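Peer 1: Have a look at this one.
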Amino acid sequence: MSQEKKVFKTEWANRSLTIETGQLAKQANGAVLVRYGDTVVLSTAVASKEPRDGDFFPLMVNYEEKMYAAGKIPGGFKKREGRPSDEATLTARLIDRPIRPLFPKGYKYDVQIMNTVLSADPDCSPEMAAMIGSSMALSVSDIPFQGPIAGVKVGYIDGEYVINPTVAQKEVSRLDLEVAGHKDAVNMVEAGASEITESEMLEAIFFGHSEIQRLVNFQQEIVDHIQPKKKAFVPVEKDEVLVEKVKQLTQENGLKDAVLTFDKQQRDINLDALKEKVAAEFIDEEDADNEVLIKEVNSILNDLVKEEVRRLIAEEKIRPDGRKTDEIRPLESEVGVLPRAHGSGLFTRGQTQALSVLTLGSMSEYQILDGLGEEEQKRFMHHYNFPNYSVGETGPVRSPGRREIGHGALGERALSHIIPDLKDFPYTVRIVSEVLESNGSSSQASICGSTLALMDAGVPIKAPVAGIAMGLVTRDDSYTILTDIQGMEDALGDMDFKVAGTAEGITAIQMDIKIDGLTKEIIKEALDQAREGRLAILDHMLQTIDTSRSELSAFAPKVVTMTIKPEKIRDVIGPGGKKINEIIDETGVKLDIEQDGTIFIGAVDKDAIARARSIIEDITREAEVGQVYEGKVKRIEKYGAFVELFPGKDALVHISQIANERIDKVEDVLKVGDIFKIKVTEIDKQGRVNASHKALL
């Protein structure tokens with residue numbers, strides 16, 4: 001990498017974009033500093049000196065949010081950054097996906113890309129700056145990389161598309177799209193939307209790509225100026241004689257029949273048996289190099305299985321389980337599966353099954369997001385779990401990984417648009433989707449199961465949502481789009497394009513590919529075919545439950561709202577929280593108070609809510625001049641008696657207003673605890689209440 005500092009500038013969405021090389025992190029294979037507005041990101045790329053065994057490309061992309069970038073000190077006892085937030089993990093995945101397909105085939109060197117956010121401007125996306133930084137760090141390094149790539153955010157406001165919308169613009173945008181690609185094509189899409197049509201989504205993607213092309217050209221100019229020397233990489237060529245021999249043996253032993261097996265587990269058994277039988281032809285225990293040969297044979301076998309699956313789809317239009325290219329697997333759905341859960345839905349599509357379980361909570365149970373931007377409160381959460389048993393395997397039980405976090409977030413994006421507004425449904429909503437069985441498209445099954453759970457729980461959703469995953473097999477100049485891909489088609493195909501939405505439009509999409517990029521024609525066809533599949537799935541789901549239940553579960557908390565004057569909030573809370581804690585202890589409810597005076601009262605017991613509401617009403621009631629009250633004498637002084645009008649509010653009845661006749665001592669007429677009827681005669685500027693019994697005589 002060049003050791004001389006160089007600075008390159010351009011404009012990006014009406015803000016300055018600067019890329020600096022040659023000054024920082026000079027021991028990395030490649031490093032750049034990206035300045036976008038006031039956002040600053042350091043991106044580095046490092047490759048190992050030796051390749052790794054195996055067939056998987058070991059790429060690791062990291063995205064680190066340093067709290068000092070936003071002028072914050074981390075919370076917690078240690079006061080330092082801990083494990084990456086879910087949002088940082090999702091950004092790392094977002095950067096990984098468009099970069100991964102652009103490394104040479106067969107490249108097995110470890111590559112680690114580190115993106116460190118040093119300064120964060122909320123209106124200048126650190127995520128997109130990091131994507132450009134990652135591309136540039138690879139491009140100016142000696143690591144083989146077929147870039148550059150770039151990514152942009154696209155909003156949709158009042159019928160107009162906007163590149164990299166500001167925070168204020170995002171609030172009114174119907175679309176939150178992230179799209180990436182290179183000069184010739186799009187190769188990554190991620191979006192959440194408010195029922196955007198397929199045509200609107202397609203235009204948004206390629207509106208973004210036009211800006212991507214400009215950014216890629218800018219990066220290419222930098223590369224041409226620096227002229228980095230790339231390390232030579234020559235993939236290991238397989239022995240053609242050996243390939244032909246293995247190919248002949250697989251055909252003789254029924255490769256096509258082994259692939260064309262409806263049941264996933266039986267197909268795996270058949271293929272394993274075939275591979276074992278073919279490999280046995282090459283076993284020679286006396287040959288010291290035999291182990292290396294068997295590894296090569298197994299690698300060839302895997303390639304042949306992949307080629308046969310792709311050939312059958314492309315040429316014969318036959319899928320491994322016998323379906324047509326646009327056919328959905330058999331569907332089953334059920335609601336009310338768990339008696340004590342607030343809502344539950346079981347969705348099965350072929351050999352993929354998801355159980356989604358919903359819990360309702362009070363507003364105090366929302367999630368607090370304290371990242372580089374303003375602190376946010378999230379009242380809808382969707383979590384996704386993928387246990388080993390779902391694919392018939394054993395293994396350690398760990399906390400959620402990148403994949404689980406990503407699939408959970410995709411489901412959350414797909415469903416968040418249909419969650420009712422706070423004013424209509426004052427609850428925190430959490431859904432957990434447990435994948436019980438998986439043969440592809442489990443994230444989309446979790447979306448369908450979650451919709452069923454929402455309706456079962458009685459959540460008044462705006463519309464049901466279903467999700468479907470589309471696949472692609474390219475061959476020479478032709479291509480075949482697949483509806484509802486299974487695991488083998490995902491692993492051996494060219495695309496995993498997830499589309500979720502209502503009958504009216506798209507609420508979320510996610511596209512990953514293994515080829516260089518997709519044309520507008522392919523994306524349009526995939527979106528249109530996905531719509532047909534989505535509508536068919538929605539029809540099936542509505543046969544199970546066609547509308548949200550009219551009542552919440554008996555085990556769910558009931559939440560009611562009431563509004564008080566903001567200046568009365570302190571009366572409800574009391575000194576040091578004394579009064580609000582008394583209400584909670586006495587009634588067992590949960591209380592959440594907003595600054596505008598909105599109070600959320602939550603409890604399973606409706607009577608408890610009524611008691612708490614009554615107490616708060618008494619605390620916040622205001623005396624009215626001319627109103628007659630019957631209250632208890634609380635205190636007696638020489639000059640008069642204090643009578644409780646209602647809890648928290650006393651009135652002074654002067655000694656001259658206690659009786660018609662003149663009295664010398666208040667105690668001659670009243671004692672503490674007496675019930676006394678009085679009429680409010682005055683409320684002074686300080687809120688003190690004066691009353692009279694005499695006025696009623």
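Backbone N, Cα and C define each Cβ position, glycine as well.
For D490, D496, the entry in Swiss-Prot reads Mg(2+) binding site. Residues or ranges marked as domain 'KH' by Swiss-Prot: 557-616. Marked as domain 'S1 motif' by Swiss-Prot: 626-694.
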Peer 1: Just to confirm my parser: what is the rounded mean pLDDT across the domain 'S1 motif' (626-694)?
Peer 2: 91
Peer 1: Need the DSSP three-state call for D496 (Mg(2+) binding site) to compare against my parser.
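Peer 2: The three-state answer is strand.
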Peer 1: Say we define neighbours as other CB atoms within 10 Å of the CB. Which of the binding-site residues D490, D496 has the fewest?
Peer 2: D490
Peer 1: Using DSSP, what's the helix, strand and coil tally for the domain 'S1 motif' (626-694)?
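Peer 2: Residue counts in helix, strand and coil order: 7 helix, 36 strand, 26 coil.
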Peer 1: Sort D490 (Mg(2+) binding site) into helix, strand or coil using the DSSP assignment.
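Peer 2: For D490 (Mg(2+) binding site) - judged by DSSP and reduced to three states - the answer is helix.
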